[in-house]
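**Q** For 282-312, the entry in TrEMBL reads coiled coil. According to TrEMBL, the feature domain 'ABC3 transporter permease C-terminal' maps to 350-467, 755-862. What TrEMBL records for 351-372, 396-423, 443-464, 517-537, 752-771, 804-823, 843-864 is transmembrane segment.
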Amino acid sequence: MMITKTLWKDMIRAIKKSKGRFFSLMCLMALGSFALVGLNVTGPDMERTASHYLEKQQVMDMAVLASHQFSQEDRKELNTLKDVVLEYGHLIDLNITKNQQALRLYSLPNKLSKPLLVEGHWPKQDTEIVLSTTLEKSYQLGDTIRVTPPSKGLLTSERFRVVGFAHSSELWSKSNLGGASAGDGSLYAYAFSRPNVFKGNVNILRLRFNNLRFANAFSKQYRQTVTQNQTTLDQLLQDNSHRRYEELQGQYKLALTNGKAKLQSEQATLADREQELAFLEGSALQEAKNQLEQAHKALAQEKSRLRQVELAQSKLERPHYTTYNRSTLPGAEGYRTYATSISSISNVGNIFPLVLYLVAALVAFTTMTRYVDEERTTSGLLKALGYSNREISLKFLGYGLLASFLGTSLGVLGGTYVLPALISDILTAPLTIGKTHLYFYDAYSALAYSLALLSTVLPAYLVVKKELFLNAAQLLLPKPPSKGANIWLEHITIIWKRLSFSHKVTIRNIFRYKQKMLMTIIGVAGSVALLFAGLGIQSSLAKVIDHQFGELTTYDILAVGASKSTLAEEASLQKFLTGKEIARQKKISYAQLTLPIKGITDKQTISILSTPAKTLSPYVNLLDSHKQKAVAIPKSGVLISEKLASYYHVKAGDELWLQDNGLENDKIKLKVKQVIDMTVGHYLIMSDTYYAKQFNNLETSPAYFINLKHSSHKKVKQLASKMLALKAITVVSQNANQVQAVQLMVASLDQVMSLLVIVSVLLAIVILYNLTSINIAERIRELSTVKVLGFYDKEVTFYIYRETIYLSLIGILIGILLGKALHTYIMRMISTGDIQFGNKVDSYVYLVPIVIILSLLLVLGIWVHQHLKKVDMLEALKSID
């Protein structure tokens, strides 16, 4: 049955009569659906955008890097893999000759991980190169770039002409490209050239699996399948390291055998020619002497070459084949940041909008209930005129439906096309993937409309159904007031007797209107909780960098040495470490494991530090994760970082089992002595004796924690570059680079939370306005009575508004408690990978929500005061009769 023209007019008249209430109801539904839809679709939008990009560029699912290049046997074995697309290639870390920064040169792929050309054209000759777009300000098309390889004979040319600029489909970050084995240890840029430029064998294999072709790259199923494929690949390559080592040793031995044989032959020939000198005279003698001199030089060069071969053989480290996925590939910090951002915003979207919508829905419920009560007399009149209960019900249902539809439509549109765009622009600003494509999701929109109907139409239906059981005569009479009753506080006479009349009235009214009391408390508490959570997340994120890099890991450089080096190389290193630029340094043993953990989708990389010392201070401060007290390195047992302990579900005193096919007997048992505070990274720290006992087959490398006398960013980069040039050092990690990586992620999340804080403030404004206006409208006759009894305007205002103040204060206290719980939960949810965010917040997180609510109460109090002064009290007293 349709709503009649009369009912339409009546409904429109009711809307005009209370524009503020109708508008606030719309705003409640708009804010609720805006947050609900927006936060829930941002993640899927980013996933779909990235998945389309990954499919278009045919980005690899996995890669294998060979430290000593792939042999023919390696390739033959890998080519047996089924249902997978393979592509071999080259990569090498070089120095840009002009500024000695690290440049990673790739051979241009044909099938997998195709880069995206931004300007120019792809290399057509071996002397042409395409640079990353990060170098557009330094080079122009047609310019020449010179590079310096780590050793001679690796490239056909060291001088290239710039013919284009491109984005890598694997390296998404504009500034944080991870570590490098050249320059100062951090990758500055990358480039692409033709495969013929590289002289050696291929050293990277990209793989794209058929069983992952149509999978969502950020889904749990995809990550699980990748991990399974990675395990299979690791098992296939398990014995290749030993085989390749023996092969290389054989090549060295053959080269030495042939070289020595050649040397002996040349020495014998040289001796014979020296004897022939006695039979020569004149010019023939001089010519023979010149030839002998050249032969001696060649002999010396051959001896030097043989010594170099012997040295290389003695320093030969065991080759390793490392498997990577899209997140762990060297330089893939941008992809990892993108994936982490999706996970974080999805986790926030799972809880934040639900709390916001619940609060909005409860207040909307109250608003609709009040609207039906206000229209009681009109309903009685319509019933007396012959309208059926169903027709009268349609009027109220139409009111709720109109308000919820308009508000939800605005919220859905904003949540679909505005909020995701704002959030994704913030999250992808430091990346090269470009703008996020926005999609419309029927399911989330339908959910928003359904919840809106439950919040507005359902309460209207329930209340009006109850009201319309009465006959027209009963509806035309005022609703009977609530029965007076003593409240529990009256029985505490020591308090009750000391209260003034106005305070007694306020307390009685609070308990008299229980629904309003609950709604005010819930509304304020919900707003404060959301504000506290949003501000708390910002505060906790801001503390990450200071806590991790200012209090825990305070070294400037971590340098990892070669496991094999000559005495001369060691001497050069020690001379460098005792130089005037270095304030102090500490030597430790370093190893790294990448292991699967039960219940965790992705493999985790664990840094293992061992030392004979009892502490790593002042380079790394080891603190108990709960008590924040200094912890000593135990002689027996390990210290484990907090995030890693949570993954393994272990605590102090428990046994920790590390399990992987690459470990001896597949597993290692460790005793956990203490869980230590560590925000970034997975660490196991132990004594060198305990390490030797438990990890007897895992090779370590010497490593050095270094603090500089002048630790400015420029000085650290300069020293890192010098250190990486030493032959005894293989990897240099700057603490500043880790700071930058964490800063990018923290800054993005911080800006997103700013948006949510603004939404929370708007919600608080609408809720307080709505509840206050309902309270005034509901009790206008009571206020009129008080006014005509001689109360002053100020007293009339406080007569009703004091209740709101008291209830809001209670709501603030409850909101702080709820906000702390919500903040803790969200921080735990957004702590992904190897990051463990803390829960500490600054004092302003407590103060700002309180100040905001009190400020709103003050502004609304002024509005209430002015509004009540303008109300015609006599008209209000007679309006119901």
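Cβ coordinates come from backbone N, Cα and C, glycine included.
Keep in mind it's a predicted model, so treat the numbers as computed, not measured.
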**Q** Under 8 Å between C-beta atoms and at least six residues away from its ends: which parts of the chain pack against the transmembrane segment (517-537)?
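**A** Same-chain contacts beyond the flanks: 352, 355-356, 358-359, 362-363, 366, 510-511, 749, 753-754, 756-757, 760-761, 763-764, 767-768, 771, 804, 807-808, 810-812, 814-816, 818-820, 822-823, 826-827, 830, 841, 844-846, 848-850, 852-853.
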**Q** If you run through the domain 'ABC3 transporter permease C-terminal' (755-862) with DSSP, how many residues end up as helix, strand and coil?
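**A** Going by DSSP assignments, the domain 'ABC3 transporter permease C-terminal' (755-862) contains 90 helix, 1 strand, 17 coil.
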**Q** Can you check how the pLDDT averages out over the domain 'ABC3 transporter permease C-terminal' (755-862)?
**A** 84
**Q** Go through 396-423, 804-823, 843-864 and flag the stretch with the largest number of C-beta pairs under 8 Å relative to the transmembrane segment (752-771).
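**A** Between the candidates 396-423, 804-823, 843-864, the best contact partner of the transmembrane segment (752-771) is 843-864.
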**Q** Per DSSP, what is the helix/strand/coil residue tally across the domain 'ABC3 transporter permease C-terminal' (350-467)?
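**A** Here the numbers are 99 helix, 1 strand, 18 coil.
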